[in-house]
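Sequence annotations record features per position, and here TrEMBL assigns transmembrane segment to 14-32, 267-291, 303-321, 327-344, 351-373, 393-415, 427-448. Summarising the annotation, TrEMBL assigns domain 'HD' to 481-624.
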Amino acid sequence: MKNIINRIYQNQSIIYKVFLFVLVVFSIVYFFPKGGKFKYEFQKGKPWQYENLLAPFDFAIQKTEAEINEEKNDLIKNSNIYFEYKGNVENEVKNKFAANYDEAIVNKGLKKEFNTSIYKKTAEDLIIFIYELGFVDTSVKDEYPADKSIFLRKQQEVSKMDYGRLITPRELLPLINNTLNNQMDYTYKSIITNILTEVLVPNVFFDKEYTDKDLEEVLSTISYTKGKISAKELIIARGDIVEGKKLEVLNSLKQEYKSQIWTKKNYAWILVGYIILVSLAMGMLMLFLYLDRKEIFENNTQVTFIFLNVLLMVFLETFIIKQLPDYLYAVPICILPIVMKAFFDARVAMFSYLLMVLMLGFVVPNSFEYIYLQTIAGFITILTVSDIHKRGNLFISVFKITLVYMVTYLAFYIIHEGGISQIKGRYFGLFALNGVLSFLSVFLIWLYEKLFGLVSDITLLELSSTNSVLLRELNEKAPGTFQHSMQVANLAEAAANAINANVMLVRTGALYHDIGKMLNPFYFTENQSTGVNPHNELPAKDSAKIIIGHVTEGIELAKKQRLPDRIIDFIRTHHGTSLVYYFYKKELDANPDNVNIEDFRYPGPIPFSKETSILMMCDAAEAASKSLAEPTATAIDELIEKIIEKQKSEGQFLNANITLKEIESVKKVIKKKLKNIYHVRIEYPE
């Protein structure tokens with residue numbers, strides 16, 4: 001049992017990766033839409049590249065969306081319109097008119113003569129006439145043509161009639177004027193007209209509930225099919241162009257195939273297929289990290305970060321496929337390579353992105369078109385997104401990505417349709433939205449830095465400012481060390497450029513690599529401006545302890561100031577496991593029989609990346625160059641060769657992914673830069 005526990009403890013990193021791998025694979029399969037995958041790929045306007053296709057079973061030919069919409073529009077256009085007749089309105093209006101008429105007669109001082117009663121009776125008959133025909137309310141529903149058939153509902157009775165028989169508000173006043181006798185006294189006519197226009201209210205109203213209910217019943221009768229294909233019937237022959245009825249039949253077969261294959265009987269097998277395909281894709285990503293990015297593979301946090309981002313993008317895209325399929329191309333999946341490149345490099349970004357796109361190809365419609373378009377967009381993203389800390393660069397890159405989306409889609413459309421006359425602008429709007437959403441990558445980079453402790457170029461730019469707290473303090477307490485760090489940073493930056501290493505990372509690491517010296521600045525020669533060397537009063541062993549201590553003290557100081565681990569790595573490794581040779585030799589001369597070499601050796605570790613290797617070479621070269629009495633070109637060349645060859649012979653670069661060719665390139669850069677610093681002239685032969 002103890003051996004099992006020990007074995008688990010020793011292999012806990014591998015166990016964690018296996019657990020992460022299984023979790024991500026099953027999560028992706030869970031997110032995938034639950035449906036079978038049609039085994040044939042076809043596109044409108046292209047030849048059928050497979051063998052003659054016979055119908056595997058009976059199925060109906062589905063109507064196209066355009067055909068269904070056309071039927072719906074026709075039914076809506078010719079649908080029944082219902083109005084409701086309210087019979088109690090007439091009596092209310094007659095009573096109001098009578099009261100207002102009598103009041104008006106009294107107020108005007110008119111006598112209640114015989115004509116007065118006749119005029120009143122004429123107006124009341126007009127009210128009855130209006131309400132028998134129906135006075136329609138048009139405030140809710142626009143008017144219809146006069147010959148439009150409508151249904152008028154009076155309580156439980158429904159009668160059909162022409163809309164033109166109803167009286168509309170704009171017809172009311174002309175009707176009143178025509179009805180009232182032209183011989184009627186003007187005063188009475190004016191009174192009656194004013195009262196009628198005031199008291200008359202509609203008694204026929206648009207019945208939305210009945211109209212909608214009737215329309216719903218009519219629409220439910222629409223047939224979504226328009227024919228049938230029998231089993232074994234030829235659907236399309238090899239070489240036939242996929243268009244017209246053949247295209248409709250193929251789309252119908254594809255839809256029916258998906259619904260039939262995803263049954264309880266096949267469910268488990270289809271899941272097994274998905275699990276195998278996703279496992280292969282994620283396995284390739286894990287294998288790539290193991291073989292080509294060992295430093296990332298050995299860091300569980302970084303592996304988790306990469307797998308989590310792939311999982312999140314797959315989840316987002318599959319969610320849109322299920323819920324909002326029309327917005328498929330609005331999903332900014334190019335955020336993945338932007339974020340990956342911000343924290344790692346172009347190869348990690350491309351590898352993770354391509355595998356993600358391949359997995360999404362299992363579930364998206366028109367998978368070839370999707371994969372091609374997203375692959376091109378991903379290449380453009382990785383090739384153009386650089387120096388993301390410069391805001392203008394991201395804007396330019398996103399513009400290029402959006403433009404590539406649009407141009408690629410346009411090319412596919414031309415191939416499918418043979419022209420651009422019917423092209424839909426909504427897709428270009430989706431690509432524009434995709435570009436805008438890509439700017440979320442800036443927020444994600446900031447968030448990931450906080451959550452995972454990773455470092456992006458944006459943070460490196462902030463840290464490399466000489467106004468940062470630690471560098472300002474270093475300049476005040478150890479000005480000589482600060483100047484040394486600046487020179488090393490310049491050398492390292494040039495060397496990183498020469499071998500395509502991370503320039504911002506190595507420069508920032510170089511600026512902070514000696515911060516531990518500020519705690520005991522005068523024990524380091526670059527800060528001994530008075531010429532007094534305190535090491536003259538100390539035993540060699542104690543001097544070596546102080547010199548070596550600047551590494552451990554620098555690490556503690558960096559952690560206290562919460563510098564990222566990737567910067568602290570430069571402090572840890574810039575001397576590797578080399579010896580403080582001067583004091584070791586001094587102690588060896590004084591006590592040849594009682595010297596422990598480990599007391600004079602830096603604790604390490606040795607560099608494990610190109611960037612930390614560059615810093616080790618540049619740091620040693622810059623410091624040693626100051627000891628040259630005559631810094632000639634030959635002297636500098638010999639010094640650099642001696643220093644770096646010694647580091648190689650000690651195995652300081654064995655753990656770093658730096659080649660001999662790259663080391664030679666770094667040598668050349670250091671030699672050239674130091675000669676420029678010391679203003680070395682070419683030595684011509686006499």
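Note: Cβ is positioned from N, Cα and C throughout, glycine not excepted.
TrEMBL annotations: computationally assigned, not manually curated.
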Could you count the residues of the domain 'HD' (481-624) that DSSP puts in helix, in strand and in coil?
102 helix, 2 strand, 40 coil
State the residues, same chain only, that lie 6 or more residues beyond the ends of the transmembrane segment (327-344) and have a CB under 8 A from a CB inside it; answer 'none' if no residue qualifies.
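Contacts of the transmembrane segment (327-344) (Cβ under 8 Å, skipping residues fewer than 6 from its ends): 293, 296, 302, 305-306, 309-310, 313, 316-317, 320-321, 350, 352-353, 356-357, 360, 364-365, 370, 373-374, 377-378, 381-382, 385-386, 388, 397, 401, 405, 409, 427, 430-431, 433-435, 437-438, 440-441, 444-445, 448, 454-458.
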Rank 14-32, 267-291, 393-415 by Cβ pairs under 8 Å to the transmembrane segment (303-321) and hand me the top one.
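Most contacts with the transmembrane segment (303-321): 14-32.
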So, taking each listed stretch (14-32, 351-373, 393-415) in turn and counting its Cβ pairs to the transmembrane segment (267-291) that are under 8 angstroms, which one gives the highest count?
14-32
Limited to the domain 'HD' (481-624), I'd like the whole-number average of pLDDT.
89
